[in-house]
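Colleague: Following this message is one structure expressed as structure tokens.
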Amino acid sequence: MTEATSELVIWRNGRLATLNPDHAQPYGLLERHALLVRDGRIAAIVAEDDVPSGRSIDLEGRLVTPGLIDCHTHLVFGGSRAQEWEQRLNGVSYQTISASGGGINSTVRATRDSSEAELLALAQPRLERLLREGVTTLEIKSGYGLDLPNERKMLRVARQLADHNGVELSATLLSAHATPPEYQGDADGYITLVCETILPTLWQEGLFESVDVFCENVGFSPQQTERVFQAAQALGIPVKGHVEQLSSLGGAQLVSRYHGLSADHIEYLTEEGVAAMRESGTVAALLPGAFYFLNETRKPPVELLRKYQVPMAVATDFNPGTSPFASLHLAMNMACVKFGLTPEEAWAGVTRHAARALGRQASHGQLAPGFVANFAIWDAEHPVEMVYEPGRSPLWHRVVQGELQ
């Protein structure tokens, strides 16, 4: 990204969907308003009649929203799982596929066998699909390397992707994603490697800003998850968790006990878990793509989340095994159709609540004075259009840190 200019730039004659909950109108809509941007941040929002003199860009009545935030992705990986999906449709069990070398282990193998340049080339078109939908910030997880050099490689590629494409990155260490082949039968030993070697080394190298764990019967136990959280906490690193996707293990309560940023998936979330998340300020990250692709039937408890006023983020969970959808608009649509969110809730889920899921709620996810000038400009009349019709992105331009992309 180019360096933000200190000159005041006036983005005038826009229809602003601020997503600011303090504004009375749905979506925080402000008709005929202008954004005043300086040093990569929003200096002020003023009515069109009050625009000062200075360098201006005429939006010609276009819709402006906060830049979209995809707060949960596995964008960097090698290989493909398309044939495995076809096998599953033909009745072959995941256990059979895994025993023959498929499943997550096939992605681990392909990722380990790929160079940084190869992983970058594979991830680039995936990222471009998200950028075409107005994404200005995204999270990318490791988790297909499962050893020090390959986890490092994945995180380095994530950083290069962001640097080359005008997008802000939140990198997450997900080394506790699965037990690698060389540690089969010794998950505790692998967690020791994560806690004592991978996590502190890559943290010292500045390659990530949060730590995630897959806490499930087919992943890691709550006890193993807590070991990773303790190692992260000792270094002052925020945590989050893949929890309650396939069963109820108390993962949401565990994430909440460590004041985690988000609890993700949460189809089997209990009321006790929801209450714990409310108390800790943990965001509920809904991932409808995985729910759809796995043909699940148990839905996240959206009504309970509303009752307890737990913020709901929405993300793609883009990954090769369970959610091969690089479309945040589609995730928003699925969240409405499958989980019962309103379009306005879905928009909050990819803006201000997604920002909170990344610990950036004070600077991202709204059009508001003092916030980073990340926004999307649309040839659209209303924000609902992007939720209603996924696959047709009316994006005009993205603006990242005040710079037109």
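Heads up, the Cβ atoms here are built off N, Cα and C, so glycines get one too.
What Swiss-Prot lists as Fe(3+) binding site is His72, His74, His242, Asp317. Marked as Zn(2+) binding site by Swiss-Prot: His72, His74, His242, Asp317. Annotation source Swiss-Prot lists 4-imidazolone-5-propanoate binding site at Arg81, Tyr144, His177, Gln245, Thr322, citing sequence analysis. The N-formimidoyl-L-glutamate binding site annotation in Swiss-Prot covers Tyr144, Asn319, Gly321.
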Colleague: Could you check which of these binding-site residues, His72, Tyr144, His177, His242, Gln245, sit within 10 Å of Gly321 (N-formimidoyl-L-glutamate binding site), going Cα to Cα?
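Modeller: Within 10 Å Cα-Cα: none.
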Colleague: Hey, of His177, His242, Gln245, which of those binding-site residues are within 10 Å of Asn319 (N-formimidoyl-L-glutamate binding site), Cα to Cα?
Modeller: none
Colleague: Can you check which residues sit near Tyr144 (4-imidazolone-5-propanoate binding site), meaning Cβ under 8 Å from its Cβ, same chain, 6 or more apart in sequence, and list them in order?
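Modeller: Within the chain, Tyr144 (4-imidazolone-5-propanoate binding site) has Cβ neighbours under 8 Å at His74, Val76, Phe77, Gly78, Ile104, Thr107, Val108, Thr111, Asn150, Met154, His177.
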Colleague: To see if you understand the setup: which same-chain residues, six or more apart in sequence, place their Cβ under 8 Å from that of Asp317 (Fe(3+) binding site)?
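Modeller: The list for Asp317 (Fe(3+) binding site) reads His72, Thr73, His74, Asp264, Leu287, Gly289, Ala290, Ser323, Ala331, given in order along the sequence.
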Colleague: Count the Cβ atoms, other than its own, that fall within 10 Å of the Cβ of His72 (Fe(3+) binding site), considering every protein chain shown.
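Modeller: Summing over all protein chains shown, His72 (Fe(3+) binding site) has 33 other Cβ atoms within 10 Å.
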Colleague: Please give the 4-imidazolone-5-propanoate site's span as the largest CA-CA distance among Arg81, Tyr144, His177, Gln245, Thr322, to the nearest whole angstrom.
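Modeller: In whole numbers, the farthest two Cα atoms are 21 Å apart.
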Colleague: Using the centroid of the Cβ atoms of His72, His74, His242, Asp317 as reference, list every other same-chain residue with Cβ within 8 Å of it (recorded Fe(3+) site), in sequence order.
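Modeller: After dropping the recorded site residues, what remains is Thr73, Lys141, Asp264, His265, Leu287, Ala290, Ala315, Phe318, Asn319, Ser323.
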Colleague: Among the binding-site residues listed here (His74, Arg81, His177, His242), identify the one with the smallest other-Cβ count within 10 Å.
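Modeller: Among the binding-site residues His74, Arg81, His177, His242, the lowest count of other Cβ atoms within 10 Å belongs to Arg81.
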Colleague: Quick check for the class: what is the C-alpha distance, in angstrom and rounded, between Thr322 (4-imidazolone-5-propanoate binding site) and His242 (Fe(3+) binding site)?
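Modeller: So the alpha carbons of Thr322 (4-imidazolone-5-propanoate binding site) and His242 (Fe(3+) binding site) sit roughly 13 Å from each other.
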Colleague: Just report the maximum Cα pair distance in Å for the recorded N-formimidoyl-L-glutamate binders Tyr144, Asn319, Gly321, no decimals.
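Modeller: Taking every pair of listed residues, the largest Cα separation comes to 12 Å.
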